[in-house]
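Trainee: Features from TrEMBL:
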type	residues	note
BINDING	Asp67, Glu68, Asp175	divalent metal cation binding site
COMPBIAS	1-15	compositional bias 'Acidic residues'
COMPBIAS	16-32	compositional bias 'Basic and acidic residues'
DOMAIN	61-285	domain 'RNase H type-2'
REGION	1-39	region 'Disordered'
Amino acid sequence: MLGPDDEIDGDEDDEMKIHDGSSSYNRKDGSTAHHPHIPTEPIVKSFTYHSDVPDVCKVEDVALGVDEAGRGPVLGPMVYAICYVPVSRKNDLKKSGVADSKTLDEGQRDALFEELQGYREWTGWAVHANSPQDISESMLRKNKYNLNALAHDTTAKLIRETLERGVRVTEIFVDTVGPTATYQAKLSDLFPGIAITVAKKADSLYPVVSAASICAKVTRDACLRDWSFAEKDMDMLSREFGSGYPSDPNTTRWLRESMDPVFGYPGLIRFSWSTTTNLLEKDGVPVEWPIEKDEAEDQPEISQFFVKLPPTNTRAGGKKQKDQHVPSIHKIQLERVSDRDKFFKEMRAVHCLRL
C-alpha cells in the first residue's frame, strides 16, 4: 500500500491527451466539448465549483460518491469530485453507462460528463482542484501537511459544502485513501447519521463513485489542456506534458527540457515531488545562502536583552506583584520615576531606563 508521501506511477493507457484551445475544444470525432467550470485565468490557487442543486435532492434521500484524479502526477492539479443522485435514481445512473474513468478514453469520458449535465434535474456534482502551488506549499512547510491529510480534508470540505447547500445526503461512498477502516471512522465522526462506505476500487463498484471519477478526470484533463502559465514568456515551452506521472518518459523528457537552471520550473510543477527535487539538485545551479550556521551561533540569546526587576511593594491584601522583565541593552540602570518627570508620570510609568 502506498504511503501518504509516495508518488504514484501510472500506466501508458492513462496518459493525458493534451489539446490546444480553451474551455471548449473539438474532439477527434468532430464534436465539441464544453467545460465552463474551468477558470480561464492561471490556476495559482485551488478552486471549487458546485453545480446547481436539483430540487429533488433537497427532499429525497441522496447517495453521494467521492473520487479523485491526479494524486500521483508530478504536474498539474489534484482534483477531488463528488456526484450525487436520489437513492431512488441510482439504477438510472447505472444504466447511463458510467464507469471508472481510468477504463475510458478521453472521448468517452467527455461524452459521459456531458450526459451527466443532461441529468441536471436529478444529478448534482462538484469539484475541488488543489493547485500544484498549494500542494507544494502544503507538503514543504515546516509542519508538513501530507497528501493523505489533504485528500481527507478536501473530501470533507466537498461533503460539508454539499450538506450546507441543502442536499439531503443519507449515503456516502468513497474510494479509500490510506487505511480503509481509519478513513471510514474519521468520516463517520465528521458526518454522524449518514451511512458511509469507504472501499478500495469504489470507482468500479458504485456507479455514483464512477460518476464522480469522471467529473474529476475530465476537470483535470481540461485544466492541463488549457493551462495558462502565471509566469511570463512561457510560450516557448512545449505542452507535451505526457500523463504527468514520473514513470512516463514523455513527462520526464518535458521536465528535463523545461527546467531553468536558476529558477527551476513554472507553477505547473509540484516542487514537493522527489522527481522535481532530484532534477533540481542534479542539474540546477547550486545556491549559497548568505547567513551561515556559525554566524547565527555568534548572536546573543534573546534572554540577554532582558533583566529581572527587583521585588516591588506588596499590593493591597498582602499579595506580591509578579516578577517583571524589562528590556536590557547589555548594561541598563533602573531608576524610579521622580516627581519632576512629568511626562513619565502622565504615561503612568513606574520605572525608567537609563542607558
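Every residue gets a Cβ built from N, Cα and C, even glycine.
Predicted, not measured: the structure shown is a model, and the values here were computed from it.
Looking at the shown structure, what environment does each listed feature sit in?
Mentor: Asp67 (divalent metal cation binding site): 28 other CB atoms within 10 A of its CB, across all protein chains.
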Trainee: Report the residues of the chain - excluding Asp67, Glu68, Asp175 - with C-beta within 8 Å of the mean position of the site's C-beta atoms, for the recorded divalent metal cation site, in sequence order.
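Mentor: Apart from Asp67, Glu68, Asp175, the close residues are Val66, Ala69, Tyr80, Ala81, Val174, Val177, Ala202, Asp203, Val209, Ala212, Ser213, Ala216.
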Trainee: For Asp175 (divalent metal cation binding site), just give me the three-state DSSP call.
Mentor: strand
